[in-house]
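Taken from TrEMBL, the feature FAD binding site covers B:198, B:223, B:224, B:255, B:256, B:257, B:258, B:259, B:260, B:261, B:262, B:276. Per TrEMBL, the feature domain 'Electron transfer flavoprotein alpha/beta-subunit N-terminal' maps to B:4-174.
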Ligand SMILES: Cc1cc2nc3c(=O)[nH]c(=O)nc-3n(C[C@H](O)[C@H](O)[C@H](O)COP(=O)(O)OP(=O)(O)OC[C@H]3O[C@@H](n4cnc5c(N)ncnc54)[C@H](O)[C@@H]3O)c2cc1C
């Protein structure tokens, strides 16, 4: 029965982030946290696999101190246990650092048959962690899976690429990243939420993972972030008379040379 | 030793990557090497001005299966900058290369230039809400999406094309490949698009959008929900951060709210038109022209007005 690990990221909900008009800086003061959207698909995929054929699901995250807010949510989504590494260093970490930290934690707390990740995080969407993790652990990686099955010690997956759909197979242990179209993440029921309180969570201390300062130093450093502003004409036709609006839009499109 | 390397399994994109690569060559003073696994494309790449073309000889292996061998090669060559075409396969390859080279990786970079401490790049953050500036220490790996750059002009210089034996990773076996049903339209190349969202109540109602598209000689596109949840249009028609990025002349958005994850895929359109019944819908902020109204009323009128 497969021992599954789902790696997830606790991110700021981008819907709560405001752009300050004076300097386009980002105001995150009112932003709540959430489990990164695609990681919820990975959690759901793991939960469904285990519900269908047994096994167990651990969840693992590396984040800042706020990551503790994720524990209950992740446990109510089907994980049996959550391992968490909370360190302020996570705020500057790039995917290289995160992959090293997660790989070290997996070496210490594993082994796992299958490691699942979302295809990218909803904040940085750098789409590299699962492959990096697999490379560090020396495991094969199937990226962008649309469907997954585990049969014995084999992973079968359907991968959705730009120009084709591939059926692929690899021996476990393996890493896979999942696309959002794979499933609809559950909205935890009251029972699942209450059940989560009884499930174990385990803190993993960054200092115990034996990583060197160099390994924890990002090689992709964010030096600034500015809100994106659209420079558009914003001409609105909003008369009660739809035909009048349409006539004015058609005239504008003609003036733009579009018809 | 050193160099600026470019790789994409997509020949057109490989050509486009040579533009930022040749630009970096001017500031870093390092040679540009184009890698390809397709011997037939080597001459076309050589004509775009790299210093060398290396033809990876690995048989019919998938691009991802070449990643470990490529990583070896780049390590031996002392690559300083690796630019990979930002297709899904390319992103897998790039992440593997970055892991082995122990390098930083920026995906879907929009601008690249040497900066203090390494290679400066711009990329989007929070689904398109913000643009972040990052500095990657050398060696740096970057993926770049199709059509971010135009290909460089042809160059007449003699370029060495050399074979390079590589060993493919056989751990992941591809057991079946199904070409995506393309239906003849590549919306990424469409000059005009009519995009639909959840404001349409049934699949049949998309006929209203199709009618408008006919009058405008446009193709249909959509939001993620229309493709992924409703399956009313094929997945490759949805626009946004996890879908397609398009740069058409005209983008007409009907019955879609204009969340940032959608907009990021179309905001470089020349003219954006929005039709939405909710005046506060964010799509209006992103639009040049908008009609506040019921699409069921507006689309037939607009189609008739344009058909005249
Ligand atoms: C990590 C992440 C990635 C995502 N990636 C993508 C992506 O790549 N692409 C994408 O599209 N989305 C993406 N999304 C989803 C995105 O955030 C929005 O939820 C989605 O784009 C909204 O789709 P919609 O506009 O069709 O639906 P809605 O947001 O429900 O909007 C429907 C709109 O129709 C209008 N309307 C209703 N009835 C009428 C009528 N009769 N006449 C006129 N107007 C009407 C409403 O006012 C409303 O504005 C992503 C989300 C996340 C979190």
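Along the chain as shown, the residues are counted starting at 1.
Cβ atoms are placed via backbone N, Cα and C, with glycine included.
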B:198, B:224, B:262: which of these binding-site residues has the highest Cβ count within 10 Å of its own Cβ? B:262
Take every residue in the domain 'Electron transfer flavoprotein alpha/beta-subunit N-terminal' (B:4-174), average their pLDDT values, and give the whole-number result. 95
Given that the record lists B:198, B:223, B:224, B:255, B:256, B:257, B:258, B:259, B:260, B:261, B:262, B:276 as binding FAD, what is the largest C-alpha to C-alpha distance among them, in Å? 18
B:198, B:256, B:258, B:260, B:262: the binding-site residues whose Cβ falls under 8 Å from a chain A Cβ: B:260
Looking only at B:256, B:260, the binding-site residues on record, which one has the least crowded Cβ, with the fewest other Cβ atoms within 10 Å? B:260
I want to check the contact list for residue B:258 (FAD binding site): same chain, sequence separation of six or more, C-beta distance under 8 angstroms. What comes out? B:274, B:276, B:281, B:282, B:283, B:284, B:285, B:286, B:287
